[in-house]
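Here's the structure we're looking at; comments come further down.
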Amino acid sequence: MNQNLHKLSNETVAIVLTKLEPISAFLKDKSLFEIVINRPYQVMTEGIEGWKTIEAPALSFDELMGIAKVVASYSKQKISDKNPILSATLPGNERIQIVIPPAVEKDTISMTIRKPSSRNFSLEELANKGLFSVCEQVSFTPLNDYQSRFSELKHIEHSLATAYSNKDFVSFLNQAVKCQKNILIAGKTGSGKTTLSKALIAKIPDNERIITIEDTPELVVPQPNYVSMIYSKDGQGLASVGPKELLESALRMRPDRILLQELRDGTAFYYIRNINSGHPGSITTVHASTALAAFEQMTLLVKESEGGGDLERDDIRGLLISMIDIIVQCKRVEGKFKVTEIYYDPFKQRNIFGGN
């Protein structure tokens, strides 16, 4: 039985790879970040040198629809007029987003393929590549007041604040992960959020039990004691479970940390529940334009969620400021991943907690 299932799985992968043959060269090209198809007979790629357009005579509308259906079958999902949007992971771990009519213009199909990094970089390696070369400190409390107010902080916060004030961001983030600070990585799509989150996750001590919650497998957890939980995006997939159900399950699985892959829609509310349940040390991502704007984005996401709709906006924002210790803003600058801002303000949190 197991051999039959293994054979069936291999056959399914072979069918997908055969269908993807017209773009296989782009999938194998390690210099590319993104592969997009906006319409039949054309492929666009993004690499270090920017966007390029390539004619693709083999990619007719029917051929693209064939790819969409095979990918849907491979990922145990459906794509049709009634379900025109598909999020999936290809056999090579590339993330693919497919949109077909009527959700896009007639006779067109949109495919966006995000290629995973060919290797995982350590925080130190990223720093040596200039990750923090343009980084600015962001806080509600004036930075000039930090040194004079160190005596207000506990020992670990004193050490963190010292590294932060000295712009020793590698030491700062290393300490932050080890002492289970809640870290939010913000930026737009393709800004390097996942690359940085992998580097930070690698800093979690090996003796901690980690539960990850994702809609597509992307996070790399090198620690031996971890469980990767997957929820069905938009109710697709074999199991109709969402982040709420997985979080409730994770809380019963003896976790030291629960890591949500990305905060959007209802997941932002469950992020608050996770932190508030006594499981700090979260490392997660959100789409936002600046570090402080991440608070506003999170407030909107929580407010729009089913669980947070009745909460007042100011209460949500205050709760987020009290719970999120660090926000790291990522951006791609001239084709290179950069951290442009780091928010850290223990004094603001201390005021919210009443000086405790």
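Every residue, even glycine, has its Cβ placed from backbone N, Cα and C.
Per Swiss-Prot, the features are:
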type	residues	note
BINDING	Gly187, Lys188, Thr189, Gly190, Ser191, Gly192, Lys193, Thr194	ATP binding site
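Of the listed binding-site residues, namely Thr189, Ser191, Thr194, the sparsest CB environment within 10 A is found at Thr189. When the binding-site residues Gly187, Gly190 are compared by the number of other C-beta atoms lying within 10 angstroms of their own C-beta, Gly190 comes out lowest. Put plainly, the binding-site residues Lys188, Lys193 were compared by Cβ crowding within 10 Å, and the winner is Lys193.
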